[in-house]
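Engineer: Marked as active site by Swiss-Prot: His36. What Swiss-Prot lists as active site, proton acceptor is His84, and the listing cites sequence analysis. Residues annotated as ATP binding site in Swiss-Prot: Tyr39, Lys80, Asp470, Gly507. The feature Mg(2+) 1 binding site is assigned by Swiss-Prot to Glu82. Sequence annotations record features per position, and here Swiss-Prot assigns substrate binding site to Ser83, His84, Asn85, His86, Arg105, Gln226, Glu294, Thr295, Gln296, Ser510. Summarising the annotation, Swiss-Prot assigns Mg(2+) 2 binding site to Asp106, Asp252 and lists sequence analysis as the type of evidence.
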Amino acid sequence: MGLNLLPIEMDDIRKRLDREPNEIEWRVIDAVWSEHCSYKSSKIFLKSFSIDSPNVIMGIKDWQDAGAVDIGDGWAIVIKVESHNHPSAIDPFNGAATGVGGIIRDIISKGAKPIALMDMIRVGNLKIRKNVWLLKNIIAGIAAYGNSIGVPVVGGELSFDDTYNDNPLVDVAAIGIVRKDKIKPSIVDKAGLKLVLAGLTGIDGLGGASFASRKLSGEDEIGAVQIADPFAGKIILDVTLEIADKVEAIKDLGGGGLAVAVTEMANGLGAIVDIEKIPLRVKNMDPADVIISETQERMLYAVEEKNVEEVCKAFEEYEYPCSVIGEITSEPIIKFRYFGKDLVSLPTNALLEPPKFLWPIKNVRKNVEEKNVDLSLESTIYTVLSHPDLVSKEWVYSQFDYEVNTSTVVKPGDANGAVVSLPNGKLLAIKADGNPDLCSEDAYECGKGIVAEAYRNLATVGARGMVAVDHLQFGDPKKPEVYYTFVEAIRGIGEATRFFNIPIVGGKVSFYNENSQGKPIKPTPLIVMAGLVQGKLLKNRVEDSSYVVLLGYTRKELGGSLLSKIFKVPSQAPKVRLQEDLLSSEVVIDAINEEKITFAKDISRGGLAASLFNIIVHGYGVEISTKSILSDTDNVVENLFSESSGRFVILTNEPEWIVEKSRSKGIVASIIGKVNKKTSILTIDNTDYDLKTIVNNYFNFLEEVIGNG
């Protein structure tokens, strides 16, 4: 049968049922109990993310398709992050496109209108042609769906590492807006409701949930990849929002198809589904395939009988299939029938309560012997600043219609965070952050660090973080060293979100990200954070003669840094000091509201040097004195490329105000230099470094490698 269940799980369900499941029931159990759908190896830890917050309307405790947070004036935002890693490794265009479609349906399942998308892409070394092909088609898939459906892609991440050569990561986040009294659940609380299905069911995506719950084994798994249809997705979006008031619950058909959607929607009640009533894309489909098909652009609605005709009529206007396929029952049994014959009859609670697993762990935290960095400053500057992680992503953004719906306030690449306008007149900033290199060194500090970095990035546009979702991407959880990094990352994320009082309202866990030889990816947890602009919005601009102020203390902490990755420098990973991140962020927000700064950039990937380079690419030069850097090392390379947290580079015409404001908050700040008109010149301690070639690489690298690939 090709099941992905463990023997202990198969024995467990036999004992609960007191019988042997039939072949179709085994396939249903395999889907519902898959790691992808059940979180059986992670759910016990995810509960630690729960924070009681008066703003949370729908959070991690509710365990629904997306989270929702009150933003005032009767409005709420809905937020979700998802991935389509395994499908994108096999069919990158459809894998990425269906990832966009799926997360949009998660947002509209809450009755919310999607207003923004973000994509976070990680692929392997671009010297390998397959990775260029993967990236080009991943971007094309995201663009094709997002542009066609009319939801702007407002930002994201793009990074490269050999660890993703066979297993790219394709994450998509979405934000929606809804009146808070109009939010829809994905679950029901009463029997008698009719189950209405919109969309055709085909043979694509068969076994997708199980496919996503094991390591990749080859391109013969192409049948598990769903096919995208953005124009059908647009109909689903528009009609779902139109009929939201007429339905009791809305559920996207994602992983596991109807088997999972019906079971989860029933919420402890039962359901009867008549398979012959399901509209099919392919004639004479096997009923078992109909149950677990993951064909896209389908939605399931729980509807009062009196409203069924009106709901289906709305779809009929678009000639879109809509059918009553069953109903919610009081008996807690999930039944799939075919012309009156029960093919599946399983207790709801048995399906919703799979065995939970706590796998062995093995401490892999590294104890590193510190050594003095002995590198040529000139070659280090040129090598690090030329790294693909630091180049402009404008070629990628240019593929997306990021201004559709005219709500985008800060364009992709113009700041550290994306900003969109909301119906209540407020501005919402959004940012995603991950750091797999740091996570491979110290997953606990990395967990704290990615939360802190997202918080700092929002501060650079004048926003304060208020809500987050997470995506945890790891290898096989049964491997002790993998499970250890997973548990440690959760510990760090939980500690940081509690410190900042930012509730995680949802997320995703993606295990089994390994190549065909069983080598896991670097641990890659991801945080997507959103927050409201607190007063004034900062749109970065660079002006001649502005003072360069370094906010925060620099430490010799090179572990997990880009410098360490390139030059194999042994060093301890940075210790994330959350209090410093909070206080330095408050200084930046205050300075923005007082109109004291024109430019703000948090210091992260590539260290101080990369942040200064971000000024230079605006067509200016920068001169600094490393002796002015407040630090625990005199080594110039260490000061320029350390990735200690809690730091910002800001441009101002009132540097003393910044220094005094920082002092009043308990944070150090120093005036380290000035902006000048020496285009593309970085001057360090009176020595000029001509970065014209690096600047040209910054603007043209992706187009030359991918656009012509």
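Indices start at 1 and increase along the chain as displayed.
From the backbone N, Cα and C atoms, a Cβ is placed for every residue, glycine too.
Thinking about packing and proximity, how do these listed features fit into the structure?
Structural biologist: DSSP classifies His36 (active site) as helix under the three-state reduction.
Within the same chain, the residues at least 6 positions away from His84 (active site, proton acceptor) whose Cβ sits under 8 Å from its Cβ are Gly95, Ala96, Thr98, Gly99, Gly102, Val170, Val172, listed in sequence order. Under DSSP, His84 (active site, proton acceptor) is assigned to coil, being neither helix nor strand in the three-state scheme.
For Tyr39 (ATP binding site), the number of other Cβ atoms no farther than 10 Å from its own Cβ, over all displayed protein chains, is 19.
All protein chains considered, the CB of Glu82 (Mg(2+) 1 binding site) has 25 other CB atoms within 10 Å.
Residue density at Arg105 (substrate binding site): 27 other Cβ atoms are found within 10 A of its Cβ, drawing on all protein chains shown.
Its Cβ placed at the centre, Asp106 (Mg(2+) 2 binding site) has 27 other Cβ atoms within 10 Å.
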Engineer: To the nearest Å, how far is the Cα of Gly507 (ATP binding site) from the Cα of Glu82 (Mg(2+) 1 binding site)?
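Structural biologist: With distance taken Cα to Cα, Glu82 (Mg(2+) 1 binding site) is 7 Å from Gly507 (ATP binding site).
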Engineer: Distance between Tyr39 (ATP binding site) and Glu82 (Mg(2+) 1 binding site) at the Cα atoms, whole Å?
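Structural biologist: Rounded to a whole number, the Cα-Cα distance is 14 Å.
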Engineer: Using all protein chains in view, find how many other C-beta atoms are within 10 Å of the C-beta of Gln296 (substrate binding site).
Structural biologist: 26
Engineer: Using Lys80 (ATP binding site) as the reference point, find which of the recorded positions His36, Arg105, Asp106, Asp252, Glu294 has the shortest Cα-to-Cα distance to it.
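Structural biologist: Out of the listed candidates, the nearest Cα belongs to Asp106.
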Engineer: Asp252 (Mg(2+) 2 binding site) to His36 (active site): how many Å between their Cα atoms?
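Structural biologist: A Cα-Cα distance of 15 Å.
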Engineer: Take the Cβ of Ser83 (substrate binding site) and count every other Cβ within 10 Å, whichever protein chain it belongs to.
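Structural biologist: For Ser83 (substrate binding site), the count of other Cβ atoms within 10 Å is 26.
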Engineer: Return one of helix, strand or coil for Asp470 (ATP binding site), based on DSSP.
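Structural biologist: DSSP call for Asp470 (ATP binding site): strand.
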Engineer: Of these binding-site residues, Asp252, Glu294, Asp470, which scores lowest on Cβ atoms within 10 Å?
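Structural biologist: Counting other Cβ atoms within 10 Å of each of the binding-site residues Asp252, Glu294, Asp470 gives the minimum at Asp252.
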Engineer: Radius 10 Å, atoms counted are CB only; among the recorded positions His36, Lys80, which position scores highest?
Structural biologist: Lys80
